[in-house]
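Engineer: Take a look at the following structure, please.
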Amino acid sequence: MSRPNTRNKNKRQRPSDAVESSSQILRKIHEVNDVTDDDINQLFMIWKPVCQGCRVNTRDNPNCFCGLVPPVTGNRKSGLWQKTSEIIQSLGPDPSLDLRASDSTPAGLTNLGATCYANSILQCLYMNTAFREGVFSVDVDVLKQYPVLDQIARLFAQLHVSKKSFVDSDAFVKTLELDNGVQQDTHEFLTLLLSLLERCLSHSGNRKAKTIVQDLFRGSVSHVTTCSKCGMDSEASSKVEAFYALELNIKGLKTLDASLNDYLSLEQLDGDNQYFCGSCNARVDATRCIKLRTLPPVITFQLKRCVFLPKTTAKKKITSSFSFPQVLDMGSRLAESSQNELTYDLSAVLIHKGSAVNSGHYVAHIKDEKTGLWWEFDDETVSELGKRPFNEASSSSTPKSDSNGTVSSGNATDVQSGSSDCRSSTKSEVFTSSDAYMLIYSLRCSKQEDQDGQRENPIDITKEEVDSVQQLEGGHLPLHLYEWINNMNALFLESCKQFDLRKERELNALTERRQEVRTILSEAAVQSLEEQYFWISTDWLRLWADTTLPPALDNTPLLCSHGKVLASKVNCMKRISEIAWTKLESKFNGGPKLGKEDYCRDCLMDGARMVVSSDSYRDRRTFMKNIASDVLSGKCEDGMYYISRVWLQQWIKRKNLDAPSEADAGPTNAITCNHGGMMPEQAPGAKRVLVPENFWSFLVEDALKVIPEDTSGSTCFPLDSSQCCLCTEELSEVACLEDSLRTLKVKQRQNHEKLASGKGVVLTPQSRYFLLPSQWLVQWRSYINMTGKSSSSAPEPELLDGVINTLKCKKHTRLLERLPEVVCRRGSYFQKSPSTDKLTIIPEHDWKHFCEEWGGTMANGISALIEGGNNTDQSSSQDVIDLEKDSSPDDNMDIDAQPLILRTSPEICEECIGERESCELMQKLSYSEGDVFVHLVRGKEAPKAMLEASDSSFDVDRRTSKRSRRTNYGNMTSLKVSATTTVYQLKMMIWELLGVVKENQELHKGTTPIDQESATLADMNIFPGDRLWVRDSEIHEHRDIADELCDKKTGAQDIEAGFRGTLLTGDISSEAS
């Protein structure tokens, strides 16, 4: 079986030669003055076959219903055929997704912004069975008196039996008055929280609950100082201090055993650090150490990963690997031996992710006491880890080999047997982590573990003081909490049920609606010409086929003024069968009903007349275009009327239309003057041509069709029309003025030949010159050199007296500008930069001519006298400059040449110039936004070109050429700054874009170092366009910019404030209600 050819299936087919075009049909209708059924079939394209398989709906086939709906397996971005998953998503969040997987799966806690530190600690406390049951046993009256106890009890109740996979911790956080947006330290939070709970629980009447905190978490130490001479301990050594966690150093230490040895090690007090012994009554050598007096059933070790760097005055996180065992024997570390076995099992690991000290993220890996499984608590997400605290995919642990142990396959842990680190006679796994921040160990039950690895509650095997803490039967809650959580679960399950019912209704309605659309469209095609059919709007049909709730049926866009079907709307409607129309009309009402006979005969006849009229107009316009071409080429000799030549050229370029347009009006507008007469042909745009009488009649007829009320657009200028006298006189006057001006400019160019051409003027000693503003001279040069039609566009320069007065200060009537520089070239003196200097030196004869031409006074000018350097009457005033001193040496320079002195009259006013420059400097220093360029230098010194570019003077209005903008000295970046930007902020931008640590940046502007971080750019004279360069000293090690940004954002006061102002550091008497 051959494969069907579908290559051109979707390509629009050309009409057959046998099919007449619509225009031909309308011409036929006009000729016979009748409309036949065949004409209707052709005009409404009823003859076209039913289309199948098109990718899009065909507009020129009323029998095509393709593309209104997607394929069976297809979908669309919106509407009825949108993906089912997206439609369900539009119903809102599905509460069923928040259902807890099973009763054995722990629940998570919501992160309210930066509360991951609190979530991790709360999960550790909740997963401790003894503490949780102790909280549940608190008297109801005490819970009402202390809201913090009530909120933690409710939080634990939700974590215990809530049907949701995570619990909202907002109420508890608000009770503690914590700031959701500030990250805090987990160790500090744990210590303060346990202290607060201990104070609140002390008012409980329940003996187990009253001391549950100290019985579980509090141990004691003493700081012992022993005299090396007499062997006596100090009086302070007998004092016992309580602790909730032991803070261990890990810098330079790799294992928990090494950290504990460091914590309990002896410190020698000698030399300048000797101890004063009361018994010896002298300063003597001594030893100092920490001794563990009692250990709690739950020991918490805080690993001190945060260290202070004196060089950078910043804090840094230690990310080195640290090993800790699963089983820890603490019996040998007590100051006094204990009869009880002090073997602890690892029960939780708190992990800090991230390199910044004051940011990052906390997660907790906690062991379930009943099942022995480890879980990862990452705020709302809780994941099972298995039998070890780190699974295979964990990045917090790394493999470690040891001669005494073997690495377990499939995990990043070491199994060490009988190692000294573990101090245990049983095998113990050793885990390694670079992010572990807190370790929690629980006292092992003295009884043997059962086969499932479950152990009894460690609270039952501790000292007699803790015997009162007993385990409740699994899962039981106090009555008030039980009722409260049951109501909450019922509401949550009901919301899940209601959402499922709503989703089911929506999906059923969606399926039914889609089936309805496909069914009606499958029945919509009309199979024969004799069958009854109806017209329907394509726009409404698309809307009906693509929306869930379509509007009422609307065919009004298809109607003509007579209420019938328009043939011109055939591209906007479809021909459907009677059965399809009946179904749509019965369900969606609307209308009107447009059947087989509802075409408009009157509109067809009108359309036929318009086609014939358009044909006639096109033929006539084509003939007139031939005449117009002859007129423009000069072949027409029977011209009778004047029209605009430009208008005729535009008219002949326009396409042939069926009727005249607005552009066809006004053929004589361009040659009609303001007085209503014909403009002189010498006037701009007034060129005209003569056209024959028949062509003029055609143009007038078109103009009247376009604007029948206005005849001014067709002002008639016959062959014998004369030009407007007034306009002719005006043109003559203008021509005279232009001739006079042209003569004046030629004379001035002759008087000032060198100045007009922009050539340099040779300066001669003992000669008198004058100073003129360079800007005025440029304007004058542009004015006299502008000729032709554009000569009138050049602005005329101002009168000289007014210009010269602006160069003098009002206070002293002295010169208010600096003198220009003079250089020596090939033995002659020239002004160095006449194009950029504010003043230009001109000869005395030029000044005389300028005074005559531009209203100047000879005596009012600013004269400059060039004298020899040996003049005995030399003045030390600032109006005299040494030209020789600043001139560059030249090959042809005479060695014996006398140094030249430039004297001006009036003198330079240094006082007023200083005030003006100070004001300009203040304006420059107050910029709000600009670009400075920073180049990263690789090497010891910056290139000379960069030093010169940085030291060059800055002009606010200067423009940098493309060549200079492309010039780079290594890595370069552009920074947006303002005058108030500090050097510190600038260095932070450089750190972010060029990667150079702030402390390593050697920043310069030219040869000047920029090192005052508190100073602003205005203080350091840094302006927009300046080029700075920076070198990396590489003294300090690289660190993450996030550390600096976080420290700057929180501020030192915020960091030191910690939990100040919260309930954790407040008085519980004010909290009790």
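Glycine is treated like the rest: Cβ placed from N, Cα and C.
From TrEMBL, here are the annotated features:
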type	residues	note
COMPBIAS	1-13	compositional bias 'Basic residues'
COMPBIAS	392-426	compositional bias 'Polar residues'
DOMAIN	107-444	domain 'USP'
DOMAIN	508-600	domain 'DUSP'
DOMAIN	615-716	domain 'DUSP'
DOMAIN	743-866	domain 'DUSP'
REGION	1-23	region 'Disordered'
REGION	387-426	region 'Disordered'
Engineer: Where does the mean pLDDT land for the domain 'DUSP' (743-866)?
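Structural biologist: So the average pLDDT across the domain 'DUSP' (743-866) works out to 85.
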Engineer: Please work out the helix, strand and coil residue numbers for the domain 'DUSP' (615-716) from the DSSP assignment.
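Structural biologist: Once the DSSP states are binned, the domain 'DUSP' (615-716) shows 51 helix, 10 strand, 41 coil.
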Engineer: Determine how many residues of the domain 'DUSP' (743-866) DSSP places in helix, in strand and in coil.
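Structural biologist: The domain 'DUSP' (743-866) comes out at 51 helix, 28 strand, 45 coil.
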Engineer: Give the residue counts of the domain 'DUSP' (508-600) per reduced DSSP state, in the order helix, strand, coil.
Structural biologist: 45 helix, 17 strand, 31 coil
